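Everything on this sheet refers to the single structure shown next.
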Amino acid sequence: MRPARALIDLDALRHNYHLARSRHGGRALAVVKANAYGHGAAQCARALAADADGFAVGFLEEALELRAAGIDQPILLLEGVFAPAELDEVVRHDLWIVVHHAEQLRIIDHARPALPLEVWLKMNSGMNRAGFLSHELRPAWQRLKDSGKVGGITLMTHFARADEPQVLATTEQLTAFDTATRELPGPRSLANSGAILGWPAAHRDWARPGILLYGADPMPDEPNGLRPVMTLESAVIAVREIPAGAPLGYGARFHAERATRAGLVALGYADGYPRSVPNGTPVAVDGLRTRLIGRVSMDLLTIDLTDLPDAGLGSRVELWGANIPVNRIAQAAKTISYELLCNVKRVRFEYSG
């Protein structure tokens, strides 16, 4: 059996959820969209089912997968509905919906739901991606109330730069939201992962922890006690001696500065490890750090074993996890941890805890 695998620590997931809820102080929807950021939505939701106040997913199909897996807590559709027929499924499966644009208001106007809808009304407070502008928010809220088809309305927004504590954008968005919603009743939800950890003023009724659940800290240089949930690992499957000056791999991107003992590892970019990382990117072999050498290929990558004389065939190689933070690999690849985690595929997933 190929040794490439993703080890998912469900105890760490629960730890991170409790940390998020404790830091925020209110209720928390665990965000498990995009297959729980690549970790397995059904497995992660089941692991949190006894603790979570609810879950958030992207769209209806993701919610139905959770219901089929036995999840009966509230589930919020962050993108809302796309067509009138979806409202029947929303009611049938007791789902909550975000309303963030006029077409969704029109869908509700023309619907005849069997039960009142639970709506989260989204304001565009400055991210300019989704939501009603400040002057549109009260009319949208009133239209929902007057429809007679809505039960509760939670007011929400989303921050563009909560993971940048030195910039004013989050404060400006907070001010815009509070000004626009001052006279409107109902619960509020503002805090994403960055705001949970770094912006206490954004702590209201509901938090929406996402990336922090999976142990990738969104805040720079601030140890927050998160535990990595995924360890991406494989093993050394061959060892080769590379003479000083000899090239290695596609494009001869690496030339040995000295006689080099190279370990071939059964994992590549088809498994989700980024091709863009440079020579020198850290890996851990049997818990000891060394470096990537040569270009990452589809199924394989190569590491430097020269200074690890005890390492060899079968040695465990951690690409990210407890020894190698996924944020470090994301930085090397000039991307974000979200993308790396969501892209893990083809490897064997093993769950513990």
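Using the three backbone atoms N, Cα and C, a Cβ is placed for every residue, glycine included.
Pulled from Swiss-Prot, these are the features on record:
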- Lys33: active site, proton acceptor (ACT_SITE)
- Tyr250: active site, proton acceptor (ACT_SITE)
- Arg129, Met298: substrate binding site (BINDING)
- Lys33: N6-(pyridoxal phosphate)lysine (MOD_RES)
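Structure with Swiss-Prot features highlighted.
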residue: Lys33; record: active site, proton acceptor; DSSP (3 states): helix
residue: Arg129; record: substrate binding site; DSSP (3 states): coil
residue: Tyr250; record: active site, proton acceptor; DSSP (3 states): helix
residue: Met298; record: substrate binding site; DSSP (3 states): coil
Long-range same-chain neighbours of Lys33 (active site, proton acceptor), Cβ under 8 Å, sequence gap at least 6?
Ala41, Ala56, Val57, Gly58, Glu62, Leu78, Gly210
Ranking the recorded positions Arg129, Tyr250 by other Cβ atoms within 10 Å, which is at the bottom?
Arg129
Cβ-Cβ distance under 8 Å to Met298 (substrate binding site), same chain, at least six residues away:
Gly268, Tyr269, Ala270
Which whole-number value in Å describes the distance between the Cα atoms of Arg129 (substrate binding site) and Tyr250 (active site, proton acceptor)?
40
